[in-house]
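Student: In case it helps, TrEMBL gives these features for our protein:
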- 1-13: compositional bias 'Low complexity' (COMPBIAS)
- 28-38: compositional bias 'Basic and acidic residues' (COMPBIAS)
- 253-272: compositional bias 'Low complexity' (COMPBIAS)
- 59-126: domain 'Histone-binding protein RBBP4-like N-terminal' (DOMAIN)
- 1-59: region 'Disordered' (REGION)
- 249-290: region 'Disordered' (REGION)
- 218-250: repeat 'WD' (REPEAT)
- 291-333: repeat 'WD' (REPEAT)
- 336-369: repeat 'WD' (REPEAT)
- 385-427: repeat 'WD' (REPEAT)
Amino acid sequence: METPSQQQQQQQQPPVKKKETRGRKPKPKEDKKDDGHSASKLKKAQQQQQQQQQHSVDEKYTQWKSLVPVLYDWLANHNLVWPSLSCRWGPQLEQATYKNRQRLYLSEQTDGSVPNTLVIANCEVVKQRVAAAEHISQFNEEARSPFVKKYKTIIHPGEVNRIRELPQNTKIVATHTDSPDVLIWDVEAQPNRHAVFGATNSRPDLILTGHQDNAEFALAMCPTEPYVLSGGKDKTVVLWSIQDHIAASTTDPAAAKSPGSGGSIIKQSSKPGDGNEKTADGPSVAPRGIYQGHEDTVEDVAFCPTSSQEFCSVGDDSCLILWDARVGSSPTVKVEKAHDADLHCVDWNPHDDNLILTGSADNSVRMFDRRNLSSGGIGAPIYKFEGHKAAVLCVQWSPDKSSIFGSSAEDGLLNIWDYEKISKKERTSKNQSSPPGLFFQHAGHRDKVVDFHWNASDPWTVVSVSDDCDTTGGGGDIAGFHWLNSCAFNPVYFLDIWRMNDLIYRPEEEVLGELEKFKSHVISCAKP
């Protein structure tokens, strides 16, 4: 844990250099022949547009904040020292009467004055219908949540762009950084480190090699076997098996629920170190297969939920590709124009392995049925979900209901959808007051929501993180107008943990029945 002096030193660090958004191409250079008057008018118009967009974001946030006690069953807002580009739930540690304790994995993207880190935190997850509305309404954007406490720090070789946990045992995680390699960590066996300037990197338990260029974002872990999937700038999808490198206890549910109860579950080919060795000293694993078919950077990958041999990928070439490792290294299905722009994200439905979601820089989410796709690249989405006003960065199906999914975007919103709520009439009608299927918006972030994760151990609970805010000169995901000036010197970054009010997603007849019971109770109490 940091000392007060360390916390103060970190909070006084200069603003973090912004990382280029996935799939965003460099802006074309301005025409040098253009006169200064035209350039000035263009710049002024752009500034006005940014001011209007920021005013819209501020207005939406203010409106959202006033509705927090009504919208949420529980909401925890955590102030981070450094921005996080990824967030994931780990294993549940303990169940109690009013709340459960669970691991939470975060990243810290620093400016170089201290090392980049992978953070393992303990989170107190308040159970459903326990948090009072008064408590929810009094959340403080300027403070650290008492529900989130740092447990361990791993000094990461480079910034952590993506974190993914192994479903068979969530103590094992994979990370992506700005390099061709995928790093595997047994987070419970890793020593706790102090992130100070000049500290050497922690030693990953495994290094997965095979990419010829940086692989920064596309990363997935197989739900059926200990396989890892990655995509990168070399336009390839790479598959590894780590089966031979992990102990048999990995698939033991009892072992997965008892973090810290033993040594490393990664088999060591040599004597394990003290956590201070260089990354290059870590054992490496060669790929099981390399798959070629994309014509630009691969931005995201996903496994079929029922097979370790089937997976899909999306990229900046606007393609959705389905692969089957049993039939070779070429695509089995390639949808050439899945969207009208770069694709940023993909997810495969864990309840129905025919349904695949994609998100794109064209601001839309599309749902595909693989039974409707052909090897010739022909196939249209079942439906286009259009509720975002900026590029979609992350999509994920809910573990609680097969028709529910979430999408987050550069517009600062995390939308929750239910495709079963879309009627046949709505599928064809273009005159809609609100996007069909959209039934909830989390508007607690003030800038692009770069990652979120449903909690499989606690129904309807979500963790989400957002990128830093352009409009504050390097400030973070700011909440509160009085912070706009000070944020240029003291950036603030937010992690949100939340659960919507169950009256929002429960069946209408069930909610109405409960209201009738409440009404009858009030009437009976009022009688003399």
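Including glycine, each Cβ sits where the backbone N, Cα and C put it.
Curation does not apply to TrEMBL; its annotations are automatic.
As the structure is a computational prediction, the values presented were derived from the model and not from experiment.
Give me the local environment of each listed feature.
Tutor: Within the same chain, residues 162, 164-169, 172, 174-176, 180, 182, 184, 206, 208, 210-212, 256, 262, 265-267, 283, 285-303, 305-308, 311, 313, 315, 321, 323, 325, 350 sit at least 6 positions outside the repeat 'WD' (218-250) and bring their C-beta atoms closer than 8 Å to a C-beta of that stretch.
Helix, strand and coil content of the repeat 'WD' (291-333), in residues and according to DSSP, is 0 helix, 20 strand, 23 coil.
Within the chain, the repeat 'WD' (336-369) has long-range Cβ neighbours (under 8 A, six or more residues past its boundaries) at 22-24, 223, 296, 299-307, 312-320, 377, 379, 381-386, 388-397, 399, 401-402, 405, 407, 409, 417, 419.
Mean per-residue pLDDT, taken over the repeat 'WD' (385-427), amounts to 92.
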Student: Across the repeat 'WD' (218-250), what are the DSSP residue counts per state (helix, strand, coil)?
Tutor: 6 helix, 15 strand, 12 coil
